[in-house]
There are 2 protein chains.
Amino acid sequence: MITVNEHYSKLQASYLFVTIARKIKDFQEQHPDVDLIKLGIGDVTKPLPSACIDAFKKGVEEMADEKSFRGYGPEQGYSFLREAIARNDFRDLGIEAEDIFISDGAKCDTGNFQELFSTNSRVAIPDPVYPVYVDTNVMAGRSGVWKDGRYEGLHYLEANSENAFIPAPLNEKVDLIYLCFPNNPTGQVASHDQLARWVEYARENKALILFDAAYETFIRDDSLPRSIYEIPGAREVAVEFRSFSKTAGFTGTRCAFTVVPRECRAYTSDGEAVNLQPMWNRRHSTKFNGVSYPVQRAAEAVYSPEGKKQVRELSDYYLGNAAIIRKNMEALGFTCIGGENSPYIWVDGRRDSWDFFDLLLSAGVVVTPGSGFGRCGEGYIRISAFNDREKVLAAMERIKSSLA
Amino acid sequence: MITVNEHYSKLQASYLFVTIARKIKDFQEQHPDVDLIKLGIGDVTKPLPSACIDAFKKGVEEMADEKSFRGYGPEQGYSFLREAIARNDFRDLGIEAEDIFISDGAKCDTGNFQELFSTNSRVAIPDPVYPVYVDTNVMAGRSGVWKDGRYEGLHYLEANSENAFIPAPLNEKVDLIYLCFPNNPTGQVASHDQLARWVEYARENKALILFDAAYETFIRDDSLPRSIYEIPGAREVAVEFRSFSKTAGFTGTRCAFTVVPRECRAYTSDGEAVNLQPMWNRRHSTKFNGVSYPVQRAAEAVYSPEGKKQVRELSDYYLGNAAIIRKNMEALGFTCIGGENSPYIWVDGRRDSWDFFDLLLSAGVVVTPGSGFGRCGEGYIRISAFNDREKVLAAMERIKSSLA
């Protein structure tokens, strides 16, 4: 008899976006004349940079000619892209092309990486959090059942106003630590010192940090670390995930990468060190077959002189939106986090997350209730800067009128 | 301490293609003047059909304009593609668009699907075999250690000349059964009756069949089943994997799909039936973020009138090569399987696989030793029809002269 992986039955249905969709539908039925402004979802709205479009098209044209046609590529990605990433994103950080594995998304990579570890690893996960880290560990059997809004057996790193939404290392011992800066959903960014404390914890406790830097492109404060490898000693204890999704509008085009430094290690149960790079290479080449060749060419163009300029303009545009949102919400008396080096603004609503959501919906603006990201998100909302400037301005006017 | 998934240490390094590469390198150093003809790898050589190129480019252009730009798409794939597949590939087979999950490769899907099942499932795997089925189950802990050329704990379905390379169901009980027709590496195709016996076995034993139909496009004999769903009762007990890789030359473009019929079931340990479709949907939407939009448009074009014609011409071309290879090898006195409804010809070399490989290499032709696909492949070689006609003809001349 074929029996299922019963850990799946522990998974809670994700009611967050389902509930939002239902509330929007109800509202639209009652107010068919209102054109809702959506600042809820973390998806980009601006088209691909023209440098990427040109390279993408050229890649497609190569597939039309027998002489330039490409079949199976290297599972790890083409050298032209791995080298461009190493040279541009990790110069002087000790990361080389062979440490970089190209994939079709940071969601896949952050979801898949836990496969390399034993199922009894103790997992530390932020709260509030991007749900993929949690769900993939539940599927793998690293949690107990759902109880009082949390999975038993997981170690939650509570982020709240007391620690400025940057959790410090725990007193208890954990093995696998998920961190995300600039953070989704709070928009907060850890300093060098704060990351250094985590690296120190990982080194002392033989733990591993999975560092999600998918929003790195929005960092404008040069004193903030863009990569965990800016922290000395991190290469032995940290894997970093990056993506072209937010950097260059690739959410529908699909390209990302994971950095597994050759020094990075875990251990056998006997305590013998094991390099993770060959293990990830084996996993990646056994269960993945490379990213579409024209897509890799489009991603490479992000690093061309025009690409760099266009990508900077894109993130400047969304950061301009974020500044408008934060300024307006603060002027209305709300305490905000994020929005300065991040496309997300995390607003203390001083009331139940869903009540605030309902209030803003009645004003014609959709946001995301913070409680959907975890228990510590209760009382907050996340406002996304991914929309057109005029819609952001109109949304702020609506919120102002509604709260006046 | 972060400890590794120790099942990875059971994995055998894949020496097959490494050894082939080394032998080729040695040969080329000794014979720098010989232009080797490679009939070893299962990768296509002809460019994408022009219908796909046009749709691909149009998809890229849509990404350049704010009005037509697409961000995150549905993880399961766009309806336009799921509906085209259901309508064209599964008409009258009871499969609908919602049963179809678009992905970036059949390698990923066949590798990932086992995650849905308990780690103590008993797994039946053909020999010879495409190594991904084996390796992903070893990684998941469903095997013992490697011993005498096989993993302990796996159930090997032996394919040999006695059963015409189509293994019948076992007398012992297994839970998860991997089948692939047209087969890689043997090129053999199961009949309706032979598949019906497997479906009957699965129904009687509450087992599940994972049916890899990546080479379906090469079937020309209309009496042969193209889909396992042609067998009555299969929808409850079988998942089918398909790909655009060989159908339309997408090996470097990346698009495939998995069919999980809504009737398809597994069981809890208490014997309660569980529908697999919502489980796979949860897995797919948690760990995957959809295929690149322009790639999905290119795949959709496979089903346009021009696309269908061009795709047929592609497979006709490779089948023409296959017929030449089989005819020539038979004329030289070798017994062959495949090559009629498949791009692979499985040749009984009447000697050690590597000896035959070496002999053909010395003639300037690269093939794949059958022993690399499993113990039952010993004595055979696989010749691939994926190359240019003139090279195939030249290769046959070289082999003839060498064996004369």
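Here the Cβ of each residue, glycine as well, is placed from N, Cα and C on the backbone.
TrEMBL names B:Tyr15, B:Gly42, B:Lys107, B:Tyr130, B:Asn184, B:Asn289 as substrate ligands; from the candidate set B:Arg375, B:Arg382, B:Arg389, the record adds B:Arg382 to that same site. Going through B:Arg82, B:Arg203, B:Arg235, B:Arg254 against TrEMBL, the one listed in the pyridoxal 5'-phosphate site together with B:Tyr72, B:Ala106, B:Lys107, B:Tyr130, B:Asn184, B:Tyr215, B:Ser243, B:Phe244, B:Ser245, B:Asn289 turns out to be B:Arg254. A straight line from the CA of B:Ser245 (pyridoxal 5'-phosphate binding site) to the CA of B:Asn289 (substrate binding site) spans 20 Å.
Distance noted between the C-alpha atoms of B:Tyr72 (pyridoxal 5'-phosphate binding site) and B:Lys107 (substrate binding site) is 23 Å. A 10 Å cutoff on Cβ-Cβ distances gives B:Tyr130 (substrate binding site) a total of 22 other Cβ atoms nearby, all chains included.
Following the DSSP three-state reduction, the secondary structure of B:Lys107 (substrate binding site) is helix. For the pair B:Lys107 (substrate binding site) and B:Lys246 (N6-(pyridoxal phosphate)lysine), the C-alpha distance works out to 13 angstrom. B:Arg382 (substrate binding site) sits 17 Å from B:Lys246 (N6-(pyridoxal phosphate)lysine), counting Cα to Cα. Within 10 Å of the C-beta of B:Tyr72 (pyridoxal 5'-phosphate binding site) there are 18 other C-beta atoms, taking all protein chains into account. A gap of 15 Å separates the Cα atoms of B:Tyr130 (substrate binding site) and B:Ser243 (pyridoxal 5'-phosphate binding site). When every Cα pair among B:Tyr72, B:Ala106, B:Lys107, B:Tyr130, B:Asn184, B:Tyr215, B:Ser243, B:Phe244, B:Ser245, B:Arg254, B:Asn289 is compared, the largest distance found for this pyridoxal 5'-phosphate site is 35 Å.
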